[in-house]
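According to Swiss-Prot, the protein carries these features:
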DOMAIN    4-34  domain '4Fe-4S ferredoxin-type 1'
BINDING   Cys13, Cys16, Cys19, Cys166  [4Fe-4S] cluster 1 binding site
BINDING   Cys23, Cys147, Cys150, Cys162  [4Fe-4S] cluster 2 binding site
DOMAIN    62-93  domain '4Fe-4S ferredoxin-type 2'
BINDING   Cys71, Cys74, Cys79, Cys113  [4Fe-4S] cluster 3 binding site
BINDING   Cys83, Cys103, Cys106, Cys109  [4Fe-4S] cluster 4 binding site
DOMAIN    94-123  domain '4Fe-4S ferredoxin-type 3'
REGION    209-262  region 'Disordered'
Amino acid sequence: MTNYGLVIDQERCIGCQSCSLTCKQENNVPMGQFWNRVLTQGGDHVDTPSGDYPEGGDGGTLEMTYQPTACQHCENAPCVKVCPVNATYTRDDGIVEIDYDKCMGCRYCMAACPYNARVFNWDEPEHRPEDGTGDVAERPQGVVEKCTFCSHRVEDGLDPACVVNCPADARIFGDLDDDDSTVSKYIAEYDTHQLLDEKGTDPSTYYINGEMSPGRPWKSKKLESELDDDEAAKAARRRSGSVENGYDVTPHVPAETAGGDD
């Protein structure tokens, strides 16, 4: 059975944000929202008209580290566990998706996700015509959305848009259960890791880190702090009840939908 996954080579990533932009175009992601993000660490400087840059790094060399992140399509996905209406689910091929007709906008999935990979449409989504070129239907107000591994492309035998449009070839996509697939060979050959693996989520996205710039390992606490920068996600976490390993694992069922006798 097919089990899709992704390898991101941080030694190749140049922080160009092409993955973020092509994702928005392909999936008609609303203005102000991003499914793909590239976090940046280091290299603080001021770009002045005189070109005066403060020194940084060893020998005065400015260094940058880039951490691409999106939905990790976890095998043990906490977002799937906490959804009270089963709107978030895992497909047979391992891709985690959302049924927008079922989504009630409770945002428990946002509270549960340790990667802050989901966004909520608080208002009626706005799109610029030049930004949306994909065939994916726009999501309505009041639902959560996120990366889908471009499942509409995958079903047609194509790679996700972020993979195809990465100018540095830093992304490798394929079947994790096929030992002969390129993505499986990368995982077997290189020293890969999963983000926040201590959470027990078992992501389907793997990262290659090196000791050389630009790719260098990020400490878990630093990464978790960077990921947790969305006010809606933090507010949802505060409303969560039972928390285990950093995310809510208790299914929340609205009283009006709960089963049982009156």
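We number each residue from 1, going along the chain as drawn.
Every residue gets a Cβ built from N, Cα and C, even glycine.
Structure coloured by features recorded in Swiss-Prot.
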residue	record	contacts (Cβ under 8 Å, 6+ apart)
Cys16	[4Fe-4S] cluster 1 binding site	Pro167, Ala168
Cys23	[4Fe-4S] cluster 2 binding site	Val29, Phe34, Trp35, Asn36, Ala70, Cys147, Ala161, Cys162
Cys71	[4Fe-4S] cluster 3 binding site	Trp35, Val96, Cys113, Tyr115, Ala117, Arg118, Lys146, Cys147, Thr148, Phe149
Cys79	[4Fe-4S] cluster 3 binding site	Thr88, Val96, Cys109, Ala112, Cys113, Arg118
Cys103	[4Fe-4S] cluster 4 binding site	Val85, Ala87, Thr88, Gly142, Val143, Val144
Cys166	[4Fe-4S] cluster 1 binding site	Ser18, Cys19
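Summary for the binding-site residues Cys19, Cys106, Cys113: the Cβ-based neighbour count within 10 Å is maximal at Cys113.
Within the same chain, the residues at least 6 positions away from Cys74 ([4Fe-4S] cluster 3 binding site) whose Cβ sits under 8 Å from its Cβ are Val96, Thr201, Asp202, Pro203, Ser204, listed in sequence order. Cα proximity to Cys13 ([4Fe-4S] cluster 1 binding site) (within 10 Å) is found for none of the binding-site residues Cys83, Cys106, Cys150. Annotated [4Fe-4S] cluster 2 site Cys23, Cys147, Cys150, Cys162; additional same-chain residues within 8 Å of its Cβ mean position, judged by their own Cβ, are Cys19, Thr22, Glu26, Asn27, Trp35, Asn36, Ala70, Thr148, Phe149, Pro160, Ala161. Spacing of Cys106 ([4Fe-4S] cluster 4 binding site) relative to Cys150 ([4Fe-4S] cluster 2 binding site) is 24 Å (Cα to Cα, whole number). One way to see the shell of the [4Fe-4S] cluster 4 site is to take the Cβ centroid of Cys83, Cys103, Cys106, Cys109; the remaining same-chain residues with a Cβ within 8 Å of it are Cys79, Val82, Pro84, Val85, Ala87, Thr88, Ile98, Met104, Gly105, Arg107, Tyr108, Val144. Across the range of the domain '4Fe-4S ferredoxin-type 2' (62-93), the DSSP-based residue counts are 5 helix, 8 strand, 19 coil.
The CA atom of Cys150 ([4Fe-4S] cluster 2 binding site) is located 22 Å away from the CA atom of Cys83 ([4Fe-4S] cluster 4 binding site). Note on the domain '4Fe-4S ferredoxin-type 1' (4-34): DSSP counts are 10 helix, 6 strand, 15 coil. Residues Gln72, His73, Ala77, Pro78, Val80, Thr88, Val96, Cys109, Ala112, Tyr115, Ala117, Arg118, Lys146, Thr201 surround the recorded [4Fe-4S] cluster 3 site, their Cβ atoms falling within 8 Å of the Cβ centroid of Cys71, Cys74, Cys79, Cys113, which are themselves excluded.
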